[in-house]
Amino acid sequence: MSFNKLKFGATIGIIGGGQLGKMMAQSAQKMGYKVVVLDPSEDCPCRYVAHEFIQAKYDDEKALNQLGQKCDVITYEFENISAQQLKLLCEKYNIPQGYQAIQLLQDRLTEKETLKSAGTKVVPFISVKESTDIDKAIETLGYPFIVKTRFGGYDGKGQVLINNEKDLQEGFKLIETSECVAEKYLNIKKEVSLTVTRGNNNQITFFPLQENEHRNQILFKTIVPARIDKTAEAKEQVNKIIQSIHFIGTFTVEFFIDSNNQLYVNEIAPRPHNSGHYSIEACDYSQFDTHILAVTGQSLPNSIELLKPAVMMNLLGKDLDLLENEFNEHPEWHLHIYGKSERKDSRKMGHMTVLTNDVNQTEQDMYAKFEGSN
């Protein structure tokens, strides 16, 4: 796909004013673009860095058209906008990311089927539409397995682990509320992710392979480069995905590595991703920089240089008191506080990145600081 390059001073619209929208806006502004953001929250983080703010729900057709009329290009920071609404916008306005990826990825079953058809390695799964399908899941997958809702859910929401017959009731409860997908539970050795930007004329730029750790289904930390030799294999899997899903901009593919060292595609995030935040300080281009380059039709860098290894830590509400006490003693901490008005213990309130020559030691230091609050 090829489209005209946006000139400096043009206006970029962002659907979604959370931290991802804020960091997109900051990258856009340093490149000379104006930013208009649409978000239902009057005090969303992006509002305070955007040139203009439209407060409206994501399904407000009048407001979305207002955004389109004000902007030369539109992008979005998350995948929870209506795919049908996005399709209608794409017919009238310049939205390089398109709607196709959103349409596929909002449905976990369609996502799994698309990944499998693309030739990537995915965890065995089956569709679960009603409670009687659980018997088929037990027969096909065996214990343990995970039941996930087909639609919605993030940071571990909308899923239950079925270890044995005693857990089946929780699975039945979930199926009563939504159609689901059942997946074989893996004995996971490591989680990694690969952030990629696809630009004008199908130019592809890869970031370093990222090693991730989750706590309570929320990303806890990312280490770059990943301490496992899976980069070539991950790139091979991503290239298969790129051939199957239309998308322009930055996206991330999450992988599981099991106890047999097998790499499985877990899911795709069709936008900049939490595990790529380290790139703001640790790389010559951040994931937000390359996203803006892509959606404005600019050329991408041929490769991304990792300037220094890094450890990125998510900061939840419960971490902020500790952070305030420690921050002045650690000038090596690159701190990002998102500006969310409501603080909750398990809500992502910011992140910090530490550039280091010894990621193992830095990881231990971070554990010593934050282990007690997690």
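The backbone N, Cα and C atoms fix where each Cβ goes, glycine too.
These features come from Swiss-Prot:
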BINDING   Arg108, Lys148, 153-159, 183-186, Glu191, His214, 266-267  ATP binding site
DOMAIN    112-296  domain 'ATP-grasp'
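Every protein chain shown contributes to the tally, and the Cβ of Glu183 (ATP binding site) ends up with 23 other Cβ atoms within 10 Å. A sphere of 10 angstroms centred on the C-beta of Lys157 (ATP binding site) encloses 10 other C-beta atoms. Around the Cβ of Leu186 (ATP binding site), the same chain contributes Val123, Phe256, Asp258, Tyr264, each under 8 angstroms and 6 or more positions distant in sequence. DSSP assigns Glu183 (ATP binding site) to a strand segment in the three-state reduction. When other Cβ atoms within 10 Å of the Cβ of Arg108 (ATP binding site) are tallied across all protein chains shown, the result is 23. Over the domain 'ATP-grasp' (112-296) the predicted model carries a mean pLDDT of 95. Long-range Cβ neighbours of Asn266 (ATP binding site) (same chain, at least 6 residues apart, Cβ-Cβ under 8 Å): Val123, Glu191, Glu254, Phe255, Phe256.
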